[in-house]
């Protein structure tokens, strides 16, 4: 379902990019092409981002990322890594896991397992 939405978005972005390139050709050398060129660059960036999202989604569809954080990884290691690399802990653990692993939040950044 989600892959279908991403594929539809990719198709839509490709169509829009093609329309902008056709518009640029229609304007030719005589008109003001700067606005169309900037729109094309933005659309290319959007397309690249969407392609990356689709690739990541496809690669990670068989991996349950949340399960390993809860069941297999020591939260002290994750918290120490977050502190060492200045990554907000909220980016790694959701609210319920923050409450569940409150005992691990006081670990030093230099913690070694």
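Each Cβ is built from the backbone N, Cα and C atoms, and glycine gets one as well.
Note that the structure is a prediction, hence the values are computed from the model and not measured.
Feature list (source: TrEMBL):
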COILED    3-60  coiled coil
DOMAIN    45-113  domain 'Topoisomerase I C-terminal'
ACT_SITE  72  active site, O-(3'-phospho-DNA)-tyrosine intermediate
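Across the range of the domain 'Topoisomerase I C-terminal' (45-113), the DSSP-based residue counts are 44 helix, 0 strand, 25 coil. Around the Cβ of residue 72 (active site, O-(3'-phospho-DNA)-tyrosine intermediate), the number of neighbouring Cβ atoms within 10 Å comes to 7.
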